[in-house]
């Protein structure tokens, strides 16, 4: 039996821990807050996230070193912009898992690190010293609440080492969760990071009262700019046509369960950034920070991303949503 440590007890970390346990994997969850670890261990539920979901038998702890002891699969389930700081604190125990148990590090985080413009797999490699072949990423249309409820879903596990991707696939395959494998780590990560930004745009449009034509146009043109950036960075175009691209984008842009869409909806309806934060119950809307780093990454590679730029201007430069829409519609017309 595979032994997994899930580091992070937010919505997605909790839901994925349930997936692993349902697949027959031995799971220990690390929670930052001691009271959450206690509830997970004794009540098999997370009172802060997904409180109505009953988890199978999992262990839980507030001690990351204890969670990592003997782990063959390490699931990194913390927000993208705090990943580096967490990895730095966990580094000795992570190195022990790698050196003693040949552990695979699996990132659930979706984002581009602010400042360095690194993808999450690159941050993991830089901080832990893990070889590229040991690092995998998971991306797809994976809304945590639906998966925790056992609703059918699919995802992509990408790793340059196909055998490791297959091992993670086996450890997370259940009757309701179907993982596919891929070796295109770049494509999966760029798709996962950028879709949050486009979801903000779709939420803004919905909040403004715009209709399905507008939303469909944003999703389609959003995919076009995501694909431009991903291919420039070395991704395979077909990856963006799959679960880690179109699949993730559609789910995040259209579902009321999407934090990024919900955040954008408040802005589109005339609410402030503070009101939008309250609407997501204090949980991270990754696209708010990602739009800055994705925009900078695109600029560094001379890739045009007008939707990302518009979202950044609304979230960080104070322009109104109507100004943003006007600037997009006023762009020079061109072939598709």
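Note that Cβ sites are derived from N, Cα and C of the backbone, with glycine treated the same way.
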Looking at Swiss-Prot, 110, 140, 195, 258, 259, 260 are annotated for sn-glycerol 3-phosphate. Which of 102, 248 sits in that same site?
248
Take the C-alpha atoms of residue 140 (sn-glycerol 3-phosphate binding site) and residue 286 (NADPH binding site) and report the distance between them in angstrom, rounded.
15
Measure the Cβ-based neighbour count of residue 248 (sn-glycerol 3-phosphate binding site), defined as the other Cβ atoms within 10 Å of its Cβ.
27
Write out the long-range same-chain contacts of residue 32 (NADPH binding site), meaning residues 6 or more apart in sequence whose Cβ is under 8 Å from its Cβ.
8, 9, 62
